[in-house]
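Here's what TrEMBL has on this protein:
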TRANSMEM  A:81-100  transmembrane segment
DOMAIN    A:133-422  domain 'NADH:quinone oxidoreductase/Mrp antiporter transmembrane'
TRANSMEM  A:137-156  transmembrane segment
TRANSMEM  A:168-195  transmembrane segment
TRANSMEM  A:215-239  transmembrane segment
TRANSMEM  A:251-268  transmembrane segment
TRANSMEM  A:280-302  transmembrane segment
TRANSMEM  A:322-350  transmembrane segment
TRANSMEM  A:356-372  transmembrane segment
TRANSMEM  A:384-405  transmembrane segment
TRANSMEM  A:479-506  transmembrane segment
TRANSMEM  A:540-560  transmembrane segment
TRANSMEM  A:661-678  transmembrane segment
Amino acid sequence: MPWQIDLASYAVSMLLLPVVLAPVIARNQRLLSAIAFMVASVSSLVMIVAGALTVWSGRTQKIVLLIGLPDLPFHLRLDPLSGFFLTVIGLLALFVSVYSKGYVKGILAKRSITSLTIFYCIFLAGMYMVVLSDDALIFLISWEVMAAASYFLVMFENERIENRRAAFLYMVVAHVGAIAILLSFGVLAGLAAGFGSFSGYTFDAMRAAKFPLEWATAAFLLSFFGFAAKAGVVPLHVWLPEAHPVAPSNVSALMSGVMLKTAIYGIIRVTFDLIKVFPWWWGAIVLILGLISAVMGVLYALMQHDLKRLLAYHSVENIGIILIGVGLAMIFTSFNMPLLAALALIAGIYHTLNHAMFKGLLFMGAGAVLHATHERNMEEMGGLIHMMPWTAALFLVGCVSISALPPFNGFVSEWLTFQAFLLSPSLPSPLLKLLIPMGAALLALTGALAAACFVKAFGVTFLGHWRGHHRPNVHEADWFMRIGMIMAAFTCLLLGIFPTILIGWLDTIPEQLLGTKIATTAGAFGWMWLTPVAYERASYSGPIVFCGILVVVLAAYLILHVRPGAIQRVPIWDCGFEKINQRMQYNATSFSMPIRRIFGFLFHVKEQVRISPQAAHKAFPKKLYYSLRVRDRFWGWLYKPVIELSFWVSRKVGRLQQGRIQAYLIYSFLTIIVLLVFL
Amino acid sequence: MILYPFLIEILQVLILLAAAPVFVGWVRVLKCWTQGRSSAGIFQPYRDIRKLLSKDVVLAENASWVFRFTPYLVFGTAVIAGGIIPILSVDLPLAATADVIVLAALFAIARFFTALAGMDIGTAFGGMGSSREMTIASLAEPAMLMAIFTMSLASRSTSLSHMAEVILSGQPVLRPSIAFALFAFVLIALAETGRIPVDNPATHLELTMIHEAMILEYSGRHLALIEWASMMKLFLFVVLGIAAFAPWGIAPSGNLFALPAAFLFMSLKLGAAGVALVLIETGLAKMRLFRLTEFLGSAFLLATLGMLSYFILE
């Protein structure tokens with residue numbers, strides 16, 4: 001009985017309930033938000049059950065829907081890979097839906113949330129359907145539904161020009177990507193069943209087919225381009241830092257946390273499942289683009305002082321890290337080393353899950369800050385840890401996780417990626433042997449820069465004194481928001497402490513795609529020890545690191561508090577400097593100054609210092625103006641020429657538009673003649 | 001006999017706690033001698049720690065829990081690292097808890113929280129220290145990983161105990177890759193432990209301090225823990241280098257009687273490391289912050305050369 005896939009389809013259809021109800025109960029906004037987010041939570045919970053059990057059992061289930069085009073019904077399929085992505089989406093959707101219940105309260109006072117709830121549910125359903133679909137048609141339909149719903153969510157606060165601009169940019173990039181994916185499926189379907197028939201549109205037909213290398217390469221490059229545009233891989237990332245920050249924070253959490261992952265799903269599905277046989281340089285492309293995205297993403301993030309924009313750039317970085325794992329897995333697969341490929345693939349999909357959790361948590365935290373201070377600019381914040389202790393502590397958990405510090409989850413997947421890198425000397429190609437370790441160094445650079453970036457993000461936002469000019473009435477997040485964040489933070493910790501159990505659960509995915517398990521080696525010494533490949537090679541024990549630090553910290557604390565020493569609270573010492581004020585603190589711009597100076601050549605940095613002319617003497621300026629502009633070089637290189645070209649073409653084409661009915665009639669007449677002659 | 005590895009574990013942690021201040025004292029004494037000053041004696045760090053522990057804590061008004069929690073965490077990670085690195089024997093039950101990459105991450109977590117504590121009070125110095133420390137760390141990390149990569153090539157392992165065992169069981173040969181990796185490791189260790197030419201542990205001159213700037217506002221037992229932990233960090237980097245590059249003398253597993261000899265060897269090697277450190281520190285001047293890219297860049301280059309020479313020569 002295929003009950004898991006039935007469960008999954010019930011969960012999707014459940015999401016349509018609020019969509020249908022919304023216009024009816026739109027007058028009672030409170031009730032609408034309660035119903036919509038409750039239904040979303042329940043459906044996510046159902047989805048987690050269906051997905052997790054599928055991964056656990058390792059079985060594949062299929063159903064054919066009775067709807068669709070004539071003779072071309074829709075196919076759905078639930079296998080371990082899609083089960084895993086369902087679980088990831090479901091988990092974050094659950095946390096975010098609980099959080100949203102509290103978050104939209106802040107919006108309710110200002111505007112109607114009807115469209116937010118409708119598109120929120122459609123967006124979730126679209127993401128679920130993308131990973132469930134098993135033919136090119138429904139895949140593309142779901143892909144478009146997901147893109148369109150998220151477009152409307154980005155447009156939610158559409159009175160601001162930056163939101164409209166961001167949404168438009170997002171729509172353009174999403175569609176260019178979708179066209180590439182459509183073409184890629186076209187190539188695959190055509191080769192699977194001949195270009196004359198339609199029956200190749202199912203993924204099953206593509207799986208059964210063998211593709212000649214040149215066509216397979218074309219299909220891979222097209223689909224990779226399309227998915228990379230969705231995932232925000234450098235240089236296709238420009239839409240991401242525009243669109244993610246302007247969406248409502250709960251939507252940003254979902255977009256950054258899980259929508260980008262559907263693109264990762266697409267890449268894995270097309271390469272490992274549909275095409276299956278590929279040369280090593282496909283993997284090298286994925287690996288190199290992953291490395292570039294990781295390093296550039298984190299460097300861009302360091303230059304930001306808008307909290308949500310900073311987080312959005314970190315999504316670019318983390319997508320890069322995931323692609324590093326996937327790329328390594330592809331290289332190992334092409335050299336027929338399934339065990340090593342399985343390790344690298346596990347590292348990649350583990351990071352997929354981890355990134356969903358901590359990025360969701362961080363965006364929820366940023367949302368709570370935005371909700372409380374109505375401010376996204378970190379330069380205007382500071383000292384929030386005293387006013388929002390819960391949010392601060394939970395945001396800190398996210399910061400530690402994303403900075404790849406043990407015992408939290410980000411560390412485990414980066415460590416596994418490093419282990420995959422360390423195995424590259426066993427590759428037969430000398431070139432790869434020498435070059436792949438450089439990638440490991442770049443990954444280390446990424447991790448360290450991410451830590452620097454999150455010291456900045458947390459330090460400037462939550463620590464120190466309030467930096468802004470006027471002080472708003474800051475309040476702590478409410479319980480719905482807190483519970484959403486607490487669940488995500490707790491998952492981050494659990495995923496960091498019990499990686500062995502999780503890898504045992506994930507193992508059906510490499511088994512399905514590569515035919516190997518790694519749990520036999522990774523968990524050979526029980527749940528406490530993570531030993532990929534072999535015990536002598538490398539090992540890590542999350543529980544011992546966690547408990548060890550906890551025990552020593554507690555012991556030191558208790559021993560030192562035997563003598564009741566009073567803590568004296570005094571004003572800041574600061575080497576005896578008395579006239580200190582809150583404007584003298586380090587802020588986001590000054591914190592990243594050394595890094596900006598070292599890596600500044602990668603950006604378009606324009607720095608200006610102007611001393612106020614009214615100064616009595618040059619040495620004692622009354623005022624100092626400092627302005628800094630950091631711009632993306634890719635914008636000038638890649639996008640500006642395209643934009644200018646399209647404007648140029650539109651202007652030329654625009655000449656056709658005469659505004660006279662006679663001219664238009666001639667156009668129609670000529671068109672008909674041309675059609676008659678040539679067809 | 002089953003308890004024996006656990007005894008060594010405890011012994012190692014005790015040695016770490018006790019010997020780290022002595023090692024720092026030794027370095028300071030040597031430094032005084034080379035600079036023609038009279039020293040305060042090898043046990044002065046103990047007296048400093050005791051004095052700080054007996055004092056009350058004076059805390060800035062707006063210090064949050066992050067500021068108060070950090071000293072304990074920094075101390076905790078240092079102690080844990082001491083249970084993992086083979087100081088006396090490779091027979092450690094906790095050795096499998098972490099390989100070299102995890103060890104680097106343990107130091108990173110201490111650094112992360114110290115940098116946060118530096119920003120907590122809201123002084124310009126604290127932020128300056130945090131910003132510089134994180135910058136240096138991000139430059140040091142790729143070099144560190146490359147050095148680890150090169151070291152792991154010969155033993156096919158990143159587990160320290162296993163690396164030491166492989167070197168102990170083989171013939172002592174001079175591998176060019178290991179020589180390069182050692183040189184890189186020394187440069188990285190100087191940067192990570194905040195010694196000259198990267199940072200000056202003795203300075204309190206406002207514009208040059210890095211680590212000291214972050215902990216400027218600490219006092220009493222908090223300061224004692226942080227000072228103690230940074231002594232342990234220096235000690236740990238030295239024994240990490242010993243275990244990875246020159247483990248001769250470290251007791252093999254199951255041999256109880258090799259322990260006294262191991263202790264002797266350890267003391268001798270630490271003494272020699274102290275001399276080398278002092279020679280570096282008195283011979284070099286502190287670098288400007290933006291010259292550090294070249295310093296750590298050369299560390300990265302050396303480690304990479306080590307890797308290349310392994311693939312080409314070995």
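Using the three backbone atoms N, Cα and C, a Cβ is placed for every residue, glycine included.
Only residues 6 or more beyond the boundaries of the transmembrane segment (A:540-560), in the same chain, are considered here, and those with a CB under 8 A from a CB of the stretch are 406-407, 412, 415, 496-499, 528-530. Three or more CB pairs closer than 8 A are found between the transmembrane segment (A:251-268) and the transmembrane segment (A:356-372), so contact between the two stretches is assigned (pairs 6 or more residues apart). By the Cβ criterion (distance under 8 Å, sequence gap of 6 or more), the transmembrane segment (A:356-372) is counted as touching the transmembrane segment (A:81-100), at least 3 such pairs being found. The list of residues near the transmembrane segment (A:661-678) in space but at least 6 beyond its ends in sequence, with Cβ under 8 angstroms from a Cβ of it, is empty.
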